[in-house]
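A.B. asks: I am attaching a structure below and will ask some questions about it afterwards.
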Amino acid sequence: DEAVRGTCEDASVCKRFAVSVGYWKDPYIQYFVRQAKERKAPEINRGKLACYYARVHGVSYLIKAFLKKTECNCQIVNLGAGMDTLFWRLKDENLLPRKYFEVDFPMIVARKIHHIKSKPPLSKPIMESHSGDSLLIDSHSLDSSRYSIQGADLRFSSELEEKLKKHNLDVHLPTLLVAECVLVYMTPQQSASLLKWAASTFPVAMFINYEQVNMTDRFGQIMIENLQRRQCNLAGVEVCKSLDSQRERLLLNGWETAHAIDMMKVYSFLPQADVKRIEGLEFLDEKELFEQLMQHYCICWASKDSSNL
């Protein structure tokens, strides 16, 4: 688990660097992550950062579509949220759902709560959106009327459900669940259990999964070997064979519709004027390497819709 927790740090540092260079705007990431002192090699920078750019915009597009469709009369459950800043950004855009939940390893949650408690730009928006009784906070959980962060192990759905319900998860509300590079660290049986739990718990729901794909080719094998060198095992990589295997996993676990597209496709859908802008931020001569990287990540989304939203 330690190596998996370490990926939270890597992702946060990458996002912090991307924001500082100008890939996208996020005024809150600076309060969670220190700026990286050293720059990575340009080809890793551009490839990785443009992949993060496409990921942030692609996932955000789906989340906002769900919020608009439900007119924010919904809840969001961010699984393995790490140092994500989505709650604060949605509040700035007046797009907060009825309640926003985050779940991660207790150690990561404790660190995030420490940042929130000690930094007014993070705590103030939570207080501003809070109503009712006093805010509940301890070392591994924080619960307000609109924002809740809980330490739990996603490999145990019953523990997860118990913690969320204790903090007013409403199974009757349209629910959006988001998992970014989370399921791949669980065995296929554990992730299937989580997906089944979500599909069977909420009558109206959407699941967004950002993850590796096409992992059986040589490039995919190199990605796996690089992570193994850091003692980081992709326990669920067998489900990441193809876009079809990603879709099938969702359909087999109780979701009614499922879609999956690789990040190169997502990149081509983004507003091209902004894509040109970010391509001018840093020089990249390894276009082929960048395209290969983008073809090895995907966004999948599934839905269950008893009320024809």
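The backbone N, Cα and C atoms fix where each Cβ goes, and this holds for glycine too.
Any TrEMBL annotation is an automated prediction that lacks curation.
This is the feature table in TrEMBL:
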- Arg55, Gly80, Asp153, Leu154, Glu180: S-adenosyl-L-methionine binding site (BINDING)
A.B. asks: Could you check the binding-site residues Asp153, Glu180 and say which one's CB has the most other CB atoms within 10 Å?
C.D. replies: Glu180
A.B. asks: Across all the protein chains here, work out how many other Cβ atoms are within 10 Å of the Cβ of Leu154 (S-adenosyl-L-methionine binding site).
C.D. replies: 22
